[in-house]
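Q: The structure under discussion is supplied below as structure tokens; questions concerning it will follow.
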Amino acid sequence: MQGEGSKLRERVFSKFADCNPSAMWKNTACRIESLSSALSKPYTSSPKTLSHETMRVSPQEWGVDEVCAWLQEEGLHEFVAIARDHIITGAVLLSIQEEDLRVDPLASALKEARVDKFGRVRQFVLSIRELVDQHRQTLNLLHDQPQDRRSKSATSAFVASLYKPEPLSSALLRLGCSLTWAAFVMMATASVMTFVHDRVPDMAKHPPLPDVVLDNIPVIPGAFEASEVCIILLASIFALTCIFHVHRLVILRRVFAITGSVFMLRCCTMLVTSLSVPGIHLKCRPFPEQMTIEDKIAHAWKIASTFGSTLQGTRTCGDYMFSGHTAMLTILNRFVCAYSPRTWTPLHTFSAVLNGFGMFCILAAHEHYTLDVFMGFYIATRTFQSYHTVAHADVSDNEGLASTRRWFPMVSFLEENCSGVVPFEYEIPFSRRLQSLLFKRANSAASPTSHARNPFNRSDSEERSYKEL
């Protein structure tokens, strides 16, 4: 302790020597400036700088001392005390995102440390991203090794490229493009369903094809309507997830893009292949010959406006390859499970049960062949997985992933300014705007000019409570 104190005194007096010696004790400003500049510099004896041995160790294995040494090397001296107080290890450091610095306890710690400059906070986040990029290969190897649940969940936060949100204008533009694509596919699907209605094979000449499942399950009345109820429940859960999710625009953009792509493929399969009716109870007859083009357009619009729902009185024939209801059930289930917290196991289980039960009801109603249901499930899951694999990839340093994105131009355009796994962040809708309005009102009411103009002056206690608001 005495040695360390002597070193500190030597540094202070060396700063004093930089001033004019004859006027050192007379010029108080010079002394104060020298003392503050000496004490503002970090003490070099602790923590120590990073050694070559420490640099070879993966950041995942760093302790608090190594993290503090790395902060010193990066010039982020004001974050050293925060790292020690909050026991920020290497694993915790790599999982920190910019949103974590806006909420307690880190927000309060930054305020106490007087880190109020945007540039310093952003530099801290950029340094973490650079650290992840430098050790990405090592982190991937650690992620592949067997780990417990806690370590694996911490590693998954930074093994994938850190999420880079896009500007609001760009998000709205791409959401509009995705919605336009989904609306176009919906109208195309309705038009194709109207066209293939006349191509349904005659039931007298072409009976239902042999099907192991349908041949052993009797027709259950109301089962198809029950499957649509499952779709409505899943859609409601998904809507609530989007409402409270911070990155709701990204989720909506992706669900529109994936749904549109799946149903565009369904249009192609319906157009090229016409299967016989799967159940003899289905009354599928061609349109009357006197039906005009305007009537067919009106029929297609009815299918599109009601989303082909039987609950809305819409009946279709010929759209058997593949099941659109199964695809919609599966897409909604995958989005609910992917964008809700991992710990919400009951919700994920309930969503999966709705998906499976809805598929069973489709078969129990004999509205689709088993192959239709299987293909609908498989295509929906593979499309969802492929889209997110490409969207989450960081193509900046991987030529293979860049080539993959070139094969998916829609994903490349929609996810051009957004890379990484979307974090699980939730908020009350419009809460930020409401808080800003309340603060503006409070500041305007607390200002002297506005208080002078207001003839109804509040009491001191009311004024203090209003300022606290």
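Glycine too: its Cβ is placed from the backbone N, Cα and C atoms.
Look at TrEMBL and you will find 62-134 tagged as domain 'SAM'. Marked as transmembrane segment by TrEMBL: 171-197, 217-243, 255-277. Feature annotation from TrEMBL assigns region 'Disordered' to 447-469. Annotated compositional bias 'Polar residues' per TrEMBL: 447-458, in sequence order. Positions annotated as compositional bias 'Basic and acidic residues' by TrEMBL: 459-469.
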Q: Let me spell it out: take the transmembrane segment (171-197), skip the flanking residues so only those 6+ beyond its ends count, and list any with a Cβ under 8 Å from a Cβ in it.
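A: 249-250, 252-254, 256-257, 259-261, 263-264, 266-267, 270-271, 274, 284, 286-287, 296, 299-301, 303-304, 307-308, 316-319, 324, 410, 413-414, 418.
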Q: Should anything in the same chain at least six residues away from the transmembrane segment (255-277) have a Cβ under 8 Å from its Cβ atoms, list it; otherwise answer none.
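A: Same-chain contacts beyond the flanks: 175, 178-179, 181-182, 184-186, 188-189, 192-193, 195-196, 199-201, 203, 206-209, 238, 284, 317-322, 324, 327-328, 331, 335, 369, 379-380, 383-384, 387, 410-411, 414.
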Q: Who are the long-range neighbours of the transmembrane segment (217-243) in its own chain, taking Cβ under 8 Å and residues 6 or more past its ends?
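A: Here the qualifying positions are 251-252, 255, 279, 281, 309-311, 325, 328-329, 332-333, 335-336, 339-340, 347, 351, 354-355, 357-359, 361-367, 429.
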Q: Can you tell me the mean pLDDT for the domain 'SAM' (62-134)?
A: 82
Q: DSSP helix, strand and coil counts for the domain 'SAM' (62-134)?
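A: Taking each residue of the domain 'SAM' (62-134) in turn, the totals are 54 helix, 0 strand, 19 coil.
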